[in-house]
Amino acid sequence: MTSLYSLVTAASSVKSMSSSASCAKGIFVLILLDVVYAGIMASATGTAGAVAWVGLKGNSHTRWNKICNIYDKFCRHIGSATCLGLIASILLVLLVVLNAYSLYRRSR
C-alpha cells in the first residue's frame, strides 16, 4: 500500500514540476498523507517485531511455546523482514522530513 502510494506521489510530483504554480492545499495534503503512511509502515514493522519476539521467546501466559528452535528458517526470514522493514520505516520518515523541509524552503 505504501509502495503504491509512493508511486502515485512521485507521478504527481513530476506532473506538478511541469506546472509553475502549485497548490498549497495539495502540497499540505501530500505531506499529511506521507506522515500517515510513515505511521502505517512503522506500525507494520512493530507488528512484525512482536511476532518475531513471540516466535523467539514464546509466551508463557498463553502457553505459546517458542518455535525458533523448531522452525529456524522461519525465524531467520521474519528477523530479516523486520530488519528491512525497520530500515524502510526510517528511510520513509527521513524522506518525509526532507520533503517537508524542501517545500518549506521553496515557499519562502
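The backbone N, Cα and C atoms fix where each Cβ goes, glycine too.
What TrEMBL says about this one:
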- 2-91: domain 'Casparian strip membrane protein' (DOMAIN)
- 36-56: transmembrane segment (TRANSMEM)
- 77-101: transmembrane segment (TRANSMEM)
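Long-range neighbours of the transmembrane segment (77-101) within the same chain, counting only residues 6 or more positions beyond its ends whose Cβ lies under 8 Å from a Cβ of the stretch, are 2, 31, 34-35, 37-38, 41-42, 44-45, 48-49, 51-52, 55. Per-class residue totals from DSSP over the domain 'Casparian strip membrane protein' (2-91), listed helix then strand then coil: 71 helix, 2 strand, 17 coil.
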